[in-house]
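Only one structure is covered here, and it is reproduced in the block below.
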Amino acid sequence: MINNWLDTIWLIPCYSLVGAMLSIVWFPSITRKTGPRPAGYINILMTFVSLIHAIAALTVAWGQPEYSLSFPWLTVGGLHFNLDLQISAINVGAIVLITGLSLLAEIYAVGYMEMDWGWGRFFALLALFEAGMCSLVLCDSLFFSYVILEVLTLGTYLLVGIWYNQSLVVTGARDAFLTKRVGDLILLMGVVGLLPLTGTWNFSELTQWASKANVDPLAITLVTLALMVGPMGKCAQFPLHLWLDEAMEGPLPSTILRNSVIVATGAWVLVKLYPLLALSPLTQQVVIAVGAATALGTVLISIAQIDVKRSLSYLTSAFMGLIFIAVGTGEIHSAYLLMLSHALAIALLLMSVGSIISNNITQDLTQMGGLWQRRPISGLCFLVGAIGLIGCPPLGGFWAMLDLISHLWQSYPALAELILLINGLMALSLIRVFGLIWGGKPKQMTERSVEPLWLIVLPMTLLAGFVLHTPQVLSSLAIITDWSIVTSPDALLLLGANIAGLTTGAYLYLNDGIAKPIQLGWKGLQNFLANDFYTPKLYKVTIVGLVDGISQKMYWFDRFFVDGVGNFFGLATLFSGQNLRYSTFGQLQLYTLTIVVGIGVLLLLLFNRTL
């Protein structure tokens with residue numbers, strides 16, 4: 001029975017798919033009779049079953065060696081496609097995290113989307129996300145990981161565009177889909193190009209191959225660069241970072257999952273690819289550069305945003321940038337800790353601001369304020385999430401950040417200093433959001449604001465409790481073993497960066513003597529940050545403009561040359577037919593004579609040629 005929990009762990013994605021299939025049949029005709037709620041309750045039940053199965057499997061897998069399961073699927077021309085699964089404590093722990101956050105997000109959605117009638121589609125897509133993420137975590141095949149990432153891309157498009165009667169939602173869904181497709185296409189090139197070099201797509205076999213590989217440096221560099229672009233798109237890294245901002249047009253409960261665990265799927269694949277990335281120093285440097293540029297750039301952009309969801313979405317990109325730095329420098333343990341701490345904290349932050357958005361009907365930070373007296377529970381949960389995200393002891397983000405910078409001081413001191421700066425800026429950005437929502441005096445949109453339904457408050461407070469107890473959980477799992485490092489020089493530097501960011505933010509945004517919103521002295525710099533470094537306009541002028549120009553030329557060529565040639569022959573046929581009709585007399589005998597004479601002439605020519 002004990003082994004069955006692990007041997008049947010592949011059923012966990014199936015539970016979610018069953019919930020999705022049962023929810024999607026909730027057509028409007030059924031909804032009119034039963035209401036939309038049963039579709040949500042079915043998914044909550046199936047997610048709860050998945051969570052129980054995952055927890056039971058984790059108790060068995062912890063401390064045990066990893067092992068694999070393989071299911072033959074297809075053989076074509078000597079190429080074997082197997083559904084390879086890798087089962088380890090890390091994989092099962094990730095599934096517990098995914099199913100746990102999915103359960104809380106679905107309960108949250110019941111309260112948040114109380115007045116929405118599209119529950120069938122919405123919860124079916126949430127279940128699709130859950131199934132895809134659990135499958136990706138278990139998958140030990142690069143090929144099927146790519147397939148699952150494609151499914152998640154489609155799910156993002158459908159879920160962001162669920163309110164398809166709103167033009168901004170449609171535009172956001174389209175832009176998010178197209179941006180991610182760029183990364184997916186280049187990833188596919190890398191997947192296809194990798195097979196001739198390695199002969200396998202299995203991650204475990206790729207690790208063994210990489211340990212003794214003797215391969216052309218140029219070939220492995222090109223392949224690994226292509227493989228890296230896929231996670232870049234999934235993790236919203238520069239220059240493919242715009243989709244996460246556009247995806248904020250979707251329902252907030254889906255944003256909770258997207259920003260906490262869905263974006264981390266790209267980081268998960270990147271970690272699995274690290275043995276290959278390590279074969280190319282250039283690729284490692286590119287991974288580090290992309291992560292550093294994204295982390296610093298997006299945290300600055302987040303400080304200039306007035307939309308609270310977009311501000312937090314840019315912080316997600318920044319945190320994913322830190323994970324890229326960790327993977328590029330080979331700090332895989334730090335990358336896992338960063339993924340864990342980020343998922344819990346950002347989910348809590350989004351739940352907190354979602355509880356404000358749900359009954360204040362605005363996401364504009366300049367229209368909020370003075371909610372500490374009216375919404376203390378949401379405010380406390382936001383503070384817990386903020387402390388859990390940044391490197392503030394003793395919560396999870398502190399241990400993740402400390403583990404990373406303590407390993408970087410020797411080999412990459414500049415990166416360690418950059419991470420301290422980014423951490424301080426994150427603290428400033430979060431205290432800015434807190435001050436604009438809960439600080440100051442009430443405004444018109446926040447004059448009448450009460451705590452929302454218990455269905456929103458319950459998952460939010462439960463998650464806050466788990467964030468607070470993350471150090472105890474990590475300690476009980478022997479992930480944190482030395483508490484004395486809290487007083488180490490690295491920890492003190494990290495704490496100093498936190499204090500600098502928090503105090504600066506508190507002085508600026510919790511000080512009633514300073515007018516809000518704060519305007520920079522140089523308006524151009526503020527607009528530069530608020531408009532995402534004008535990246536959308538840059539793309540429009542360069543890439544979009546180039547594609548549009550080529551398309552116009554191809555349109556002209558197709559219309560006037562390709563169609564022109566075809567139309568010329570058609571018109572020539574019509575013209576000749578119109579003119580030749582006047583040469584006919586309607587005399588059958590003459591036509592017969594003409595045919596006989598023509599045949600006779602041909603026979604005579606053939607006879608003379610044979611002679």
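From the backbone N, Cα and C atoms, a Cβ is placed for every residue, glycine too.
Remember, TrEMBL labels are computer predictions, not curated facts.
As given in TrEMBL:
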DOMAIN    73-123  domain 'NADH-Ubiquinone oxidoreductase (complex I) chain 5 N-terminal'
DOMAIN    141-422  domain 'NADH:quinone oxidoreductase/Mrp antiporter transmembrane'
TRANSMEM  6-27  transmembrane segment
TRANSMEM  39-65  transmembrane segment
TRANSMEM  85-110  transmembrane segment
TRANSMEM  122-138  transmembrane segment
TRANSMEM  218-244  transmembrane segment
TRANSMEM  286-304  transmembrane segment
TRANSMEM  311-329  transmembrane segment
TRANSMEM  335-357  transmembrane segment
TRANSMEM  414-440  transmembrane segment
TRANSMEM  452-471  transmembrane segment
TRANSMEM  560-576  transmembrane segment
TRANSMEM  588-607  transmembrane segment
The transmembrane segment (311-329): which same-chain residues, six or more beyond its ends, come within Cβ distance under 8 Å?
235-237, 241, 244-245, 247-248, 255, 259, 263-264, 266-267, 270-271, 274, 277, 284-288, 290-296, 298-299, 301-303, 305, 335, 338-339, 342, 346, 349-350, 353, 365, 389, 401, 404, 407-408, 411-412, 415, 419, 422, 426, 429-430, 432-433
Which sequence positions outside the transmembrane segment (6-27), separated from its termini by at least 6 residues, show Cβ-Cβ distances below 8 Å to it?
34, 36, 38-40, 42-43, 45-47, 49-50, 53-54, 57, 60-61, 69, 85, 87, 92, 95, 99, 102, 119-121, 123-125, 127-128, 130-132, 134-135, 138
I'd like the per-state residue tally for the domain 'NADH-Ubiquinone oxidoreductase (complex I) chain 5 N-terminal' (73-123) from DSSP, helix first, then strand, then coil.
29 helix, 13 strand, 9 coil
Given a Cβ distance threshold of under 8 angstroms, which distant residues of the chain, six or more beyond its ends, lie next to the transmembrane segment (39-65)?
2-3, 5-6, 8-9, 11-12, 15-16, 18-20, 22-23, 26, 87-89, 91-93, 95-96, 99-100, 102-103, 106-107, 109-110, 119-120, 123-124, 126-127, 130, 134, 477
Report, as numbers and ranges, every residue of the chain located at least six residues beyond the transmembrane segment (560-576) whose Cβ falls under 8 Å of a Cβ in that stretch; write 'none' if there are none.
none
For the transmembrane segment (218-244), distant same-chain residues with Cβ under 8 A (at least six beyond the ends):
146, 149, 152, 156, 175-177, 179-180, 182-184, 186-187, 189-191, 193-194, 197, 258-259, 263-267, 269-270, 273, 276-277, 279-280, 282-283, 286-287, 290-291, 293-294, 297-298, 313-314, 316-317, 320-321, 323-324, 532, 535-536, 539
In the same chain, who gets a Cβ under 8 Å from the transmembrane segment (452-471) while lying at least 6 residues past its ends?
101, 104-105, 107-108, 110-112, 114, 340-341, 344-345, 347-348, 351-352, 354-355, 358-359, 377-378, 380-381, 384-385, 388, 394-396, 399, 480
